[in-house]
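In TrEMBL this protein carries:
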- 36-54: transmembrane segment (TRANSMEM)
- 42, 45, 298, 330, 395: Na(+) 1 binding site (BINDING)
- 44, 49: Na(+) 2 binding site (BINDING)
- 66-87: transmembrane segment (TRANSMEM)
- 108-135: transmembrane segment (TRANSMEM)
- 147-156: disulfide bond (DISULFID)
- 215-236: transmembrane segment (TRANSMEM)
- 248-275: transmembrane segment (TRANSMEM)
- 295-312: transmembrane segment (TRANSMEM)
- 324-349: transmembrane segment (TRANSMEM)
- 383-404: transmembrane segment (TRANSMEM)
- 425-451: transmembrane segment (TRANSMEM)
- 457-478: transmembrane segment (TRANSMEM)
- 543-580: region 'Disordered' (REGION)
- 552-565: compositional bias 'Low complexity' (COMPBIAS)
């Protein structure tokens with residue numbers, strides 16, 4: 001029995017261990033805790049922080065949107081973020097396997113997989129467009145800097161003077177007669193917008209008119225999927241090393257663009273539009289709905305990725321600390337990126353003579369219209385363009401890594417046999433190939449319409465619905481009634497049953513209660529940790545259907561209906577395997 005108890009401790013570090021080791025031999029763990037934090041930051045901080053949050057701000061009243069946004073962060077975002085991390089870390093299962101706690105709610109796990117599939121398909125298309133701009137920047141003069149290209153129209157108005165066409169590395173004198181020209185036409189557009197619509201996308205006039213597949217975008221889509229696959233070829237072992245760069249470098253480029261943006265003429269107007277609240281918008285239900293959707297979209301709640309990433313943690317990791325750090329970092333990045341975006345929008349509006357809200361398109365077009373226009377004003381603009389779009393690629397890849405890993409982990413954990421564990425690389429390859437094939441229609445001339453349609457309906461209010469059902473199932477179905485249990489094929493055991501000893505994880509669950517330190521000696525916080533630890537310590541899974549630490553069949557016990565379970569005893573001071 002001692003040996004079996006010691007085997008149960010292998011999921012995570014215990015207080016008597018000198019160092020943490022990767023002891024979950026079947027699934028593996030993160031190399032260290034920094035890898036998990038950086039991966040989660042890269043997962044949460046993505047392309048939406050650049051093109052989705054600023055757009056929602058200027059559509060919903062500028063600074064007035066901040067109020068519902070932070071209300072939703074405090075009362076919805078952080079608690080749900082922490083609950084998902086705790087849930088995945090305790091069970092060490094993906095978004096499907098964790099629902100063995102309540103099999104009738106397994107559809108929530110499938111819903112998470114569907115959401116991650118939708119997002120993964122169109123998200124990589126946005127990354128492939130960033131690749132396209134990255135390759136297009138490898139030139140002496142940026143192709144969207146001037147209005148003398150074959151795809152430009154007479155309505156095009158650039159911020160650079162054509163006399164400096166021979167020197168692409170120096171900003172030109174801004175034209176002084178733009179306001180006069182605007183009197184002759186109300187449809188003036190920037191060269192970056194025409195490059196985006198008329199050259200990169202060759203945008204069709206209707207969502208049903210697919211036209212041709214844009215072969216340059218298709219090639220870039222293949223490149224993006226190959227990069228994602230290679231970074232995940234060894235699961236979290238390989239992706240955990242990549243995030244040291246992908247999660248940190250974007251902040252360097254954002255800071256450079258912020259410094260440059262605030263020095264431009266008209267930047268103050270854009271920033272004031274960003275910060276000045278239009279309080280009448282607060283009374284609109286749509287503003288609150290957009291704030292909630294953005295919190296769920298940005299933090300990654302209900303995608304299944306948080307559960308998946310946390311499932312590779314050590315059992316005693318302080319996930320409460322991690323959830324606070326990651327959530328605040330993500331939302332601060334969104335606000336910071338908004339300053340960069342609106343400083344450029346203010347500059348463009350000043351020279352086009354229009355309101356700030358009219359200078360750029362919504363959605364991904366914001367990142368591929370406003371930013372490229374700003375890059376033409378920087379010295380050695382092709383170099384800065386390369387850096388910026390490389391940053392967009394890294395932001396997208398950080399999220400895409402977790403989306404693909406979520407689907408792969410769910411499939412592998414659901415099958416659960418030794419064969420698929422050894423063939424996990426082939427599962428990753430199969431999911432990547434399927435994602436590439438499903439993304440081909442989005443590279444057509446009508447692809448951007450479908451991309452925005454998927455973005456608006458697959459990753460908006462559906463996340464709120466999934467999260468609500470998940471909260472009810474965990475706290476009121478699984479945790480509220482001690483007598484509840486799933487079918488007899490998956491019996492649950494009562495930790496206080498007198499007929500047998502406690503299984504190691506159930507005793508260790510008491511260490512999640514307030515006052516008990518984690519591995520780093522940091523006491524876990526009260527509130528939600530108390531509730532979750534009590535819920536998850538009420539039952540454990542039967543042999544063959546649960547995590548690697550499930551007790552042997554000889555000690556499997558079922559809780560009698562209506563039985564009340566006393567809190568499990570606290571672990572011994574030593575915490576050593578011999579204590580069992």
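Cβ coordinates come from backbone N, Cα and C, glycine included.
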Recorded stretch that, among 36-54, 248-275, 324-349, 383-404, 457-478, has the most CB pairs under 8 Å to the transmembrane segment (425-451): 383-404
Contact yes or no, the transmembrane segment (66-87) and the transmembrane segment (215-236), 3+ Cβ pairs under 8 Å, gap 6+: no
Recorded positions clustered about residue 395 (Na(+) 1 binding site) [Cα within 10 Å; pool: 49, 147, 156]: 49
Euclidean distance between Cα atoms of residue 49 (Na(+) 2 binding site) and residue 330 (Na(+) 1 binding site), Å: 8
Separation of alpha carbons, residue 42 (Na(+) 1 binding site) and residue 147 (disulfide bond) (Å): 37
Cβ pairs under 8 Å between the transmembrane segment (215-236) and the transmembrane segment (324-349), at least three: no
Stretch-level contact, the transmembrane segment (295-312) and the transmembrane segment (324-349), CB cutoff 8 A, at least 3 pairs: yes
Criterion met for the transmembrane segment (248-275) and the transmembrane segment (324-349) (at least three Cβ pairs under 8 Å): yes
